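Following this message is one structure expressed as structure tokens.
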Amino acid sequence: MSGILVLVRHGQSEWNLKNLFTGWRDPGLSEKGHEEAKDAGRRIKAHGLKPDIAFTSVLSRAQVTNDHILAELGQEGLETICDQALNERDYGDLSGLNKDDARNRWGEEQVHIWRRSYDVQPPGGESLRDTGARVWPYYLHDIQPHVLRGETVLVSAHGNSLRALVMALDGLTGEEVVKMEIATGVPIVYRLNADSTVASKEILED
Ligand SMILES: O=C(O)[C@@H](CO)OP(=O)(O)O
């Protein structure tokens, strides 16, 4: 057995609350989102996990979530690496649009395909496959080595950048990933084997 990888999707953002496509836009957390992020920190602490290093995106909702978690753990100031590779999927021309307005305009099915399919790009944006093509190499090169050294690594990121990562870790197909959702502020804990395969996965729900 080697180290531990803790994945957390940021708490609810102001634009999650307003039902807007967000992508690379940079809204802050909603009031509920701040609470969810603190709660994620409390759950991580209750499970006796203590990160040695943290990774997050360059978007504030993920960074503030990371700050809340570290504060709950009493680990403010822990080395945190921010990288664009962990950003949310770029939603292109959909960014800033209301999701219900988009359904009225393009139809329920088309919008679902843009949101959850593996390889269909929203107009001007990234498919989940495109997102995975930046998240997975970053994971392999920058994050995984820490886990294989036996460290506990915290990653605060986004719904779709984490879907891409979980898809690869869990070995899901493009069809299976369509049904996979990642809840805001609910930590997912992977323990890895020394050969980098997954030894166990635990979701820290209520
Ligand atoms: O708007 C977004 O950037 C994402 C995450 O909030 O939305 P969706 O769940 O539709 O992929």
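Every residue, even glycine, has its Cβ placed from backbone N, Cα and C.
Annotations for this protein, taken from TrEMBL, read as follows:
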- 9-16, 22-23, Arg61, 88-91, Lys99, 115-116, 159-160: substrate binding site (BINDING)
- His10: active site, tele-phosphohistidine intermediate (ACT_SITE)
- Glu88: active site, proton donor/acceptor (ACT_SITE)
- His158: site 'Transition state stabilizer' (SITE)
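Could you tell me the structural context for the features on the list?
According to DSSP, His10 (active site, tele-phosphohistidine intermediate) is assigned to coil rather than to any helix or strand.
Using a 10 Å radius centred on the Cβ of His10 (active site, tele-phosphohistidine intermediate) and all shown protein chains, the other Cβ atoms total 30.
Look at Glu88 (active site, proton donor/acceptor): DSSP puts it in coil.
Counting every protein chain shown, the Cβ of His158 (site 'Transition state stabilizer') has 28 other Cβ atoms within 10 Å.
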Please report the distance from the Cα of Gly23 (substrate binding site) to the Cα of Glu88 (active site, proton donor/acceptor), rounded to the nearest angstrom.
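With the alpha carbons as reference points, the distance is 5 Å.
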Express the distance between the Cα positions of Lys99 (substrate binding site) and His158 (site 'Transition state stabilizer') as a whole number of Å.
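Between the alpha carbons of Lys99 (substrate binding site) and His158 (site 'Transition state stabilizer') there are 17 Å.
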Suppose we screen the recorded positions Arg9, His10, Gln12, Gly23 by Cβ distance to ligand 1 with a cut-off under 6 Å; which survive, in sequence order?
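If the test is a Cβ under 6 Å from any atom of ligand 1, the answer is Gly23.
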Here's one to test understanding: among the recorded positions Glu88, Arg89, His158, whose C-alpha is closest in space to the C-alpha of His10 (active site, tele-phosphohistidine intermediate)?
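Nearest in space to His10 (active site, tele-phosphohistidine intermediate), counting only the recorded positions, is His158.
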